[in-house]
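Engineer: The structure under discussion is supplied below as structure tokens; questions concerning it will follow.
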Amino acid sequence: MAQASGLMNGKRGVIMGVANNRSIAWGIAKALAEAGAEIALTWQGDALKKRVEPLAQELGAFMAGHCDVTDLATIDAVFSALEEKWGKIDFVVHAIAFSDKDELTGRYLDTSRDNFARTMDISVYSFTAVAARADRVMNDGGSILTLTYYGAEKVMPHYNVMGVAKAALEASVRYLAVDLGNRGIRVNAISAGPIKTLAASGIGDFRYILKWNEYNAPLKRTVSIEEVGNSALYLLSDLSSGVTGEVHHVDSGYHTVGMKAVDAPDISVLKD
């Protein structure tokens, strides 16, 4: 995105949730770095660290530390590391979610209490916990961004409790936007269309969902991590200085559609 060169010069922030070079979070990290931002990345566990380290090197990013959002001490440690390195930060990207994939099939009615609580803790509460710590080290006028999905608004196959969690996450965006607005800190979410990522591998019949979106979205295609990254760049930069509490859709317009397109072919379920 050459026209964005220099847009984030002098801005510093952390991206939490990069898993590999197909992650939506990675698309965001690249867009920010190309626009001049200084980036920090986190990881969870040694396996992910091995994947994230070469990506950090590619962008010249700071490795801010291991972060398991179920352990608040690790979130504290990450923000302490950021404060020690930079003093203040300007943006945070939260790209963290989890649910037992075995409970994403079948009926939502059968969701276990344990998985419901764990899904909400990791996918929803962690955003509030991260925002609370960001508030302490963020410059006035900063920006916080999280990732959601259309399953928060409408029932989607094989999404179950994650849809409930994303709905709660979107509500959290609005409440946090009010809490932080007096400092000029903006809080928003991107609702991306389906993209082949590590997280998406846990969703059943995902190839079918991709094709359905491709055939029925107004733009007649799915979206890329680069397109999500460019939208994130807008929301994290001063270009969106008047925008907060929003869910910004990057889904080729699929969220506007009420029924199958009349010219869309009939497709059977494509097994992953």
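Any Cβ shown, glycine's included, is placed from N, Cα and C.
What Swiss-Prot records for this protein is below:
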- Gly17, Ser23, Ile24, Gln44, Asp68, Val69, Ile96, Lys166, Ile195, Lys196, Thr197, Leu198, Ala199: NAD(+) binding site (BINDING)
- Tyr149: active site, proton acceptor (ACT_SITE)
- Tyr159: active site, proton acceptor (ACT_SITE)
- Arg207: site 'Involved in acyl-ACP binding' (SITE)
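Describe the structural context of each listed feature in the structure shown, including burial, neighbouring residues and relevant distances.
Structural biologist: In the three-state DSSP scheme, Asp68 (NAD(+) binding site) falls into the coil class. Contacts of Asp68 (NAD(+) binding site) defined by a Cβ separation under 8 A and a same-chain sequence distance of 6+ are given as Gln44, Gly45, Thr74, in order along the sequence.
Tyr149 (active site, proton acceptor) falls outside any helix or strand according to DSSP and counts as coil.
When secondary structure is read from DSSP and collapsed to three states, Tyr159 (active site, proton acceptor) falls in the coil class.
According to its DSSP assignment, Arg207 (site 'Involved in acyl-ACP binding') is helical.
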Engineer: Check the binding-site residues Ile24, Ile96, Ile195 for other C-beta atoms within 10 angstroms of each C-beta and report the one with the most.
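Structural biologist: Result of the Cβ crowding comparison: Ile24.
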Engineer: Give the distance between the Cα atoms of Ile96 (NAD(+) binding site) and Tyr159 (active site, proton acceptor), rounded to the nearest whole Å.
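Structural biologist: That separation, Cα to Cα, works out to 16 Å.
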Engineer: How long is the line from the C-alpha of Tyr149 (active site, proton acceptor) to the C-alpha of Tyr159 (active site, proton acceptor), rounded to the nearest angstrom?
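Structural biologist: Pair distance, Cα basis, whole Å: 10 Å.
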Engineer: For Arg207 (site 'Involved in acyl-ACP binding') and Tyr159 (active site, proton acceptor), what Cα-Cα distance in Å is obtained after rounding to a whole number?
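Structural biologist: Pair distance, Cα basis, whole Å: 14 Å.
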